[in-house]
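K.L.:
Copying in the features that Swiss-Prot gives for the protein in this structure:
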- 174, 175, 176, 177, 178, 179, 180, 181: ATP binding site (BINDING)
- 72: N6-acetyllysine (MOD_RES)
- 206: N6-acetyllysine (MOD_RES)
- 244: phosphoserine (MOD_RES)
């Protein structure tokens, strides 16, 4: 009697294992079926999109009646057309870009404002993930910058309660390598808002009027995507002092500056658009650009003192693989007159000395050699006297 029972038990176990195996395969096939269904639906949608009729891009010129509008198609002619019932007609103001039906020319939907490719590239500049803790020796400057840029965007009711108008922008000025661009990147990465990174020299165009048009489009984009921060680096490229004599190129740069002044403080207010400008030549800037109402606060970022240099050096030396005790105070004592970029270069040179010695780590002697080497190269630099603006 025992043998048939054992045989039946073995058969049961065998069938149970087969059942589990088939059940596992069934689950895999169900997952595959879901994935294939998704791919099928995506292919169907793509096919419908390819088979659908295109639409004409137009621009609203004038509203005639409650239902009729004059629009101008991109290919030239003007039409009196109707509008879909679902669309909010109050948004169809003159200048609005719309999509028109191919056959009836009915306004089907709104289109966003046309953006210049240069402005689009500015808006997609990644500021990186920079925190305020990564900026050493500039605690006072960080506080002043956050009061002007961050506070009006995050807590505008504070200004309303006090009864003052929030500042529009600020100017960061000081010697090269002191962290002006790094400060702007930190503000942009800490705030959840749009960020336009503008290199001022790239705005200047060889064709008359193109530079001013780019400034207009830049500010229009910022107003459409509020809250927005516009960071203009090396502003002295277009913000130089105006003079009567000069070539046609100089006059074109002056026209660009006048457009910038108008956009910053014209009739069309900026609301939640903030300006940060940076330069290492504040003495060359036009007085109209520096007045309150355009750049309300001027933040001087000077060369770091001994304590600030120590903080900056520790930040730069943080990721480096070190061996033994590192005397940062001794290194800082040899770095008189260094800026933040120079201290970063000291860490890089120390790493290069370690590689030259076939080490996987940096020791105190490498830092001492590096700081002496950077100090020797600093003697070649010319010095500017930065007076308060």
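Positions of Cβ are set from backbone N, Cα and C atoms, glycine also.
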K.L.:
If you count Cβ atoms within 10 Å of the Cβ of residue 244 (phosphoserine), leaving out that atom itself, what do you get?
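P.N.:
Excluding its own Cβ, the number within 10 Å is 4.
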K.L.:
Provide, as an integer number of angstrom, the distance between the C-alpha atoms of residue 206 (N6-acetyllysine) and residue 176 (ATP binding site).
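P.N.:
Cα-Cα distance, residue 206 (N6-acetyllysine) to residue 176 (ATP binding site): 28 Å.
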K.L.:
Just going by other Cβ atoms within 10 Å, which of the binding-site residues 174, 175, 176, 177, 179 has the emptiest spot?
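P.N.:
Candidates: the binding-site residues 174, 175, 176, 177, 179. Fewest Cβ atoms within 10 Å: 176.
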K.L.:
Non-local Cβ contacts of residue 72 (N6-acetyllysine) (under 8 Å, 6 or more apart, same chain)?
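P.N.:
Expected: 58, 59, 61, 78.
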K.L.:
Around the C-beta of residue 181 (ATP binding site), how many further C-beta atoms are within 10 angstroms, looking at every protein chain?
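P.N.:
Taking every protein chain into account, the count is 17.
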K.L.:
Please report the DSSP secondary structure of residue 176 (ATP binding site), reduced to three states.
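P.N.:
In the DSSP reduction, residue 176 (ATP binding site) maps to coil.
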K.L.:
Would you mind reading off the Cα separation of residue 175 (ATP binding site) from residue 244 (phosphoserine), to the nearest angstrom?
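P.N.:
With distance taken Cα to Cα, residue 244 (phosphoserine) is 29 Å from residue 175 (ATP binding site).
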K.L.:
Taking the mean position of the Cβ atoms of 174, 175, 176, 177, 178, 179, 180, 181 as the ATP site, which residues outside that list, in the same chain, have a Cβ no more than 8 Å away, listed in sequence order?
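P.N.:
For the ATP site the neighbour list reads 280, 301, 339, 340, 341.
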K.L.:
Is residue 72 (N6-acetyllysine) helix, strand or coil when read with DSSP?
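P.N.:
The residue in question, residue 72 (N6-acetyllysine), is strand (DSSP, three-state).
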K.L.:
Rank the recorded positions 180, 206 by the number of other Cβ atoms within 10 Å of each Cβ and report the first-ranked residue.
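P.N.:
Output for this query is 180.
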